[in-house]
Amino acid sequence: MGPLQFRDVAIEFSLEEWHCLDMAQRNLYRDVMLENYRNLVFLGIVVSKPDLITHLEQGKKPSTMQRHEMVANPSVLCSHFNQDLWPEQSIKDSFQKLILRRHKKCGHDNLQLKKGCESVDKCKVHKRGYNGLNQCLTTTQSKMFQCDKHGKVFHQFSNTNRHKIRHTGKNPCKFTECGKAFNRSSTFTTHKKIHTGEKPYKCIECGKAFNRSSHLTTHKIIHTGEKRYKCEDCGKAFNRSSNLTTHKKIHTGEKPYKCEECGKAFKRSSILTTHKRIHTGEKPYKCEECGKVFKYLSSLSTHKIIHTGEKPYKCEECGKAFNWSSHLTTHKRIHTGEKPYKCEECGKGFKYSSTLTKHKIIHTGEKPYKCEECGEAFKYSCSLTAHKIIHTGKKPYKCEECGKVFKHSSPLSKHKRIHTGEKPYKCEECGKAFSRSSILTTHKIIHTGEKPYECEDCGKAFNRSSNLTKHKKIHTGEKPYKCEECGKAFKCSSILTTHKRIHTADKPYKCEECGKDFKYSSTLTRHKKIHTGGKPHKCNKCGKAFISSSNLSRHEIIHMGGNPYKCENVAKP
């Protein structure tokens, strides 16, 4: 029994028959033939394009084509259209001869002719104005075999046999590899390619191979760019009918796929399948490199880049490369200044959705992250993580250069710049560079002269909030920073830190020129002038210059002619 061919579903006209059809009938015929051809191509049945299809696509008459092989000389004249028709018995006889010729092994008894058109004269479609002969041929030929059990009609006798298997419930084709069974040998053959990895269908355009011809046919649309499936609601076009079906649910709001576990509904069955893994914990996608498993194929694809080290996404602006396209998209906003994520409450824009999410907490006042140890709540998860270290006392971040440890990674990153000398934050006004962005922000105030921090007690203004905080202690007399060694108290933590060196003899400031160590950075700065020979402090009276301001002050007493330091206990002579 031969496979299904285009000629099995095609009807051809002579020139005389073609002229009997009006324009609507011709268009209908053309649409049906082209649709039949496309369906066969989709199923991978048609390899080369028939001449009939070429003529129809070009809008030509099918007059050059030979009439279908089963058509004999007409013997009856149609009274409606002056068209030659066969008597009904001639139709049946001709079809039976053709079927027996093509299905010799089946036997005459196994073939049941479907009575699709009892009489040519009684054919309803013919009376409505369609070609009676070809309608009868189409009706008779397209549904030739009938199932005795359900009355279902089939095009070929082989389809009848396939259908009968459904009644028996048998799956004669079973695969030993996975135990899966099939009721058709063709489905069984296709399934085997999953295990063998065979991909016999190759795209001529790009070389990509597929294990099914239907997949290749679908793939080819990528190269042609054809989008023949159009949405009637919005006009959007798609290259696959399945994509159009999925798209239509946007307009209808339909979500037919419901999760039995939690009741959540979805537009697509594939999304439901993926969603179910949340409940089952299934992770079907495994990395061959390290064995790690993933719930989603996309997550595995993203993970694989870790092993290859590939960074295929490159920024055209600065040349920086990224593992993922999403990271490149996010990075580009640095150059464009784009802030697509806008707060509906205050209108402020953000580059990243995560930043907007954090920002929204300002308006809600929500503190969703709570410490289990002490109950303190935080706005951000990172703040909670940082807080937890207070309870553990751990300092997990260690400087490899000097061994200093930190509770958080960010202070370690800043600390490392002391060793590297890196100063990535540069002032556009004067070119001065800084190791921290906060220091640059503070520095910029020098150029603007702005002093936004004002003391409520005396009205004095400061360009830094830290300076205002220190100043306020003058009014309060507060000295919160106490030395554990000697009990001395200080207004500022920095002064306490400096003071502690008296007890420890720590000299962290080293001269690169001679290696001498100093307790204070100011002392090191003065010392460096010995090597440079610089004397920036000049006397206005005589022009003599000094290395330090204190030396200048002592010198100026000479010009004053006085002895400013007088002992009150010494008696006058």
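From the backbone N, Cα and C atoms, a Cβ is placed for every residue, glycine too.
Look at Swiss-Prot and you will find 4-75 tagged as domain 'KRAB', backed by sequence analysis.
Residues or ranges marked as zinc finger in Swiss-Prot (evidence: sequence analysis): 171-195 (among others).
If you look up Swiss-Prot, you'll see 201-223 (among others) marked as zinc finger.
Applying DSSP to the zinc finger (229-251) sorts its residues as follows: 11 helix, 4 strand, 8 coil. Residues or ranges marked as zinc finger in Swiss-Prot (evidence: sequence analysis): 229-251 (among others).
Residues or ranges marked as zinc finger in Swiss-Prot (evidence: sequence analysis): 257-279 (among others). Residues 246, 249-250, 295-296 of the same chain, all 6+ positions outside the zinc finger (257-279), place their C-beta atoms under 8 angstroms from a C-beta of that stretch.
Long-range contacts of the zinc finger (341-363) within the same chain, counting only residues at least 6 positions beyond its ends with a Cβ under 8 Å from a Cβ of the stretch, are 330, 333-334, 379-380. Per Swiss-Prot, the feature zinc finger maps to 341-363 (among others).
In this model, the zinc finger (369-391) carries an average pLDDT of 83. What Swiss-Prot lists as zinc finger is 369-391 (among others).
Taken residue by residue, the zinc finger (397-419) breaks down under DSSP into 11 helix, 4 strand, 8 coil. Under the heading zinc finger, Swiss-Prot lists 397-419 (among others), citing sequence analysis as support.
Annotation source Swiss-Prot lists zinc finger at 425-447 (among others), citing sequence analysis.
According to Swiss-Prot, the feature zinc finger maps to 453-475 (among others), an assignment based on sequence analysis. Mapped onto DSSP classes, the zinc finger (453-475) shows 11 helix, 4 strand, 8 coil.
Residues 470, 473, 519-520 of the same chain lie 6 or more positions beyond the ends of the zinc finger (481-503) yet place their CB under 8 Å from a CB of it. If you look up Swiss-Prot, you'll see 481-503 (among others) marked as zinc finger.
Per Swiss-Prot, zinc finger is recorded for 509-531 (among others), and the stated evidence type is sequence analysis. Remark: secondary structure over the zinc finger (509-531) totals 11 helix, 4 strand, 8 coil, with classes taken from DSSP.
The DSSP breakdown of the zinc finger (537-559), given as helix, strand and coil counts, is 11 helix, 4 strand, 8 coil. Marked as zinc finger by Swiss-Prot: 537-559 (among others).
Look at the zinc finger (201-223): DSSP puts its residues at 11 helix, 4 strand, 8 coil.
DSSP labels the residues of the zinc finger (369-391) in these numbers: 11 helix, 4 strand, 8 coil. Beyond the ends of the zinc finger (369-391), by six or more residues, the same chain brings 358, 361, 407-408 to within a C-beta distance below 8 angstroms of the stretch.
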